[in-house]
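*Asks:* Here TrEMBL flags 6-27, 39-59, 71-93, 120-136, 156-176, 188-207, 219-240, 252-270 as transmembrane segment.
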Amino acid sequence: MDSQVTVALALSILGGLSTSIGALFVIVNQSPSLKMLGLLQGFAAGLMLSISFFDLAHNALNSLGFLKGNLWFFGGVIFFAIVASFIPEPTLVPTSDVKSKKRDGDEGGKDIMKKRRRQVFFSGIITAIGISLHNFPEGMAVFLGSLKGLRVGLNLALAIALHNIPEGVAVALPVYFATQSKWQAFKLASLSGFAEPLGVIIVAYLFPSSLSPEILEGLLGSVGGVMAFLTLHEMLPLAFDYAGQKQSVKAVFCGMAFMSASLYFLSISLPEDMSL
C-alpha cells in the first residue's frame, strides 16, 4: 500500500506542477492590457463554469439523483451567497472613468487603478480556490488509477497535466496584473496545483473509512455551486467591464469549450469502471 501511495503521490505532483508551467507562460510576458485581462478573465470564467456544471454538478446528479444533487448544488450556492454578503469589496469603476481621469490629469485615476488591482487580485484568489477544489478530486482519481496499474496512473497523470496548464494561466494572470509580482503569481498558481497530492494523501489514509462516497459526491456538488456563484458574481462583472459584454461572452464560451474538451479527453483516459 505504501509503495502505491508513493507512486500515486509522485504522479499527482507531476500533474499538479503543470499549473506552474501555465504560470510561466504568464510571467515571461509583459503585464496584459485591461482589455486582454478582461478577455482572459472571461476565458477563466468559462473554465470555472464548465468545471462547475459539466463536472462537479453533473457527477453529483448522476451519483445522488436529480433531487439530492440539486439540493447539494444549491446548498453550496446559498451558503456562499451568505458568506459573500459579509465580504467587503470595492465597487466596479467603469473604464471610461479611468480614461477621463487620466485626460484631466487627476490623481483620482491612480486611486481607481488601485481599486481595479484589488478587484483583479480578489478574482485571482477566487480562481485559485476554485481550481484547487477541482484539483483535489483529480488527485483522488490518480490514486485510484494507480491502484489499477502504473500505466493507468501515468496516462491519467499526463492527461491531468495537460488539462492543468490553462488553469495555471487563469490563476497567475490576475495575480500578476494586480501585484506586478512574478513570484506571487507563480507561487499562487503552483499552490493551487498542490491540491492534487493532498487529494492522494487524504484518499489513501482517510477515504472511504471516514467519508461515505455519497457524502463526498454531495460535497463536491456543493463545491460546484460555490464555484458557479463566485464566477457569476465576481469574475464575469470584471470581464464585462474590462473587455465589453459581447467579447467577454465569446471568451466565456471559448473557455467552456476548452475545458469541456479537456474533461472529455481526461475521461476517456480513465478505466471503464472509474469516473472523475
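Placed from the backbone N, Cα and C atoms, the Cβ positions cover glycine too.
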*Asks:* Which residues of the same chain, at least 6 past either end of the transmembrane segment (39-59), have a Cβ under 8 Å from a Cβ in it?
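*Replies:* For the transmembrane segment (39-59), the nonlocal Cβ contacts are 32, 69, 73, 120, 123, 127, 130-131, 134, 166-167, 169-170, 173-174, 217, 220-221, 223-225, 227-228, 230-232, 235-236, 238-239, 242-243, 247-260, 263, 275-276.
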*Asks:* By a Cβ-Cβ criterion of under 8 Å, what residues six or more beyond either terminus of the transmembrane segment (156-176) are in contact with it?
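*Replies:* Residues packing against the transmembrane segment (156-176) from afar: 11-12, 14-23, 25-27, 31-32, 37, 40-41, 43-44, 47-48, 120-121, 123-125, 127-128, 131, 134-135, 138, 141-142, 145, 182, 184-186, 188-190, 192-193, 196, 258-259, 262-263, 265-266, 269-270.
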*Asks:* Mind checking which residues of the chain, 6+ beyond the ends of the transmembrane segment (219-240), have their Cβ under 8 Å from one of its Cβ atoms?
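*Replies:* Non-local partners: 38-39, 41-42, 44-45, 48-49, 51-53, 55-57, 59-61, 64, 69, 72-81, 84, 89, 92, 119-120, 122-123, 126-127, 129-130, 133-134, 137, 248, 251-252.
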